[in-house]
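Taken straight from TrEMBL:
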- 37, 94, 95, 96, 136, 153, 154, 231, 232: substrate binding site (BINDING)
- 107, 132, 133, 205, 231, 264: Fe cation binding site (BINDING)
């Protein structure tokens, strides 16, 4: 994997968000005509999005997430291929997302194809674009149909103070951890530069898909697993919060996540992808980096 600095050319850094010259032009507005990740603009989805975060921020606690991670980390729900999982997402819509109301399979392919165009030699990154949201199958009945607040939305560390950059931060005041002196300081139960791998993140599709990939012995590089696990950790890669918990490996992997994030966020559109046309290419990547069947 070539060094990130040699692969990219930084043109603009706006609001501490990396914008890269790879030929991908970020649109000004999302599918609803609003700027991306605008959580207080009036739209047909905003009321639902805010209510989602209210429940999410009240319900995600250090103890409850440990139990959830232990339960779903067993990977005893089903056995299926990566592509089967992609197709299973056809009926899933992410209620926490103010930018898109298309089925998830569309977003996965939009992301992967945009990356493929700009980074043709980084096939691991193409596949990461395809699979990064597959953990959203937790919303499907065959996985127990978890509520949206336990699957989607921005993620954040538990066991230490909730940073004010987290979207709809005000609702954390109703979370028991907010008032627990063991969990409400800058470091909480952690130590400086301890590494994100040692941090308990709020539960959702990111950490679940990370567990699926890791436990099924994917051969994807560590940067890919980092992207899968932390792509919804916006308070880190947009606001630069929690960097005091990162180690050297995290520092390097974050560069790839910032590259990926542009495609994850700004490729959301109403443009449809010809699934059958691109399917053979992605099946070849799945075969390269994953077993034929995975435990989920």
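Here the Cβ of each residue, glycine as well, is placed from N, Cα and C on the backbone.
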| request: Take the Cβ of residue 232 (substrate binding site) and count every other Cβ within 10 Å, whichever protein chain it belongs to. | output: 25
| So which other residues, same chain and not among 107, 132, 133, 205, 231, 264, have a Cβ within 8 Å of the centroid of the Cβ atoms at the Fe cation site? | 108, 111, 136, 206, 228, 232
| note | Nearest to residue 136 (substrate binding site) by C-alpha distance, among the binding-site residues 107, 205, 231, 264, is 205
| Alpha-carbon spacing, residue 133 (Fe cation binding site) to residue 232 (substrate binding site), which is rounded to whole Å | 10
| For residue 205 (Fe cation binding site), what is the tally of other C-beta atoms lying within 10 angstroms of its C-beta? | 27
| note | residue 95 (substrate binding site) and residue 132 (Fe cation binding site), compared by Cα position, are separated in whole Å by 17
| message | Please give me the binding-site residues out of 132, 231, 264 that lie within 10 Å of residue 154 (substrate binding site), comparing Cα atoms only. | response | 231
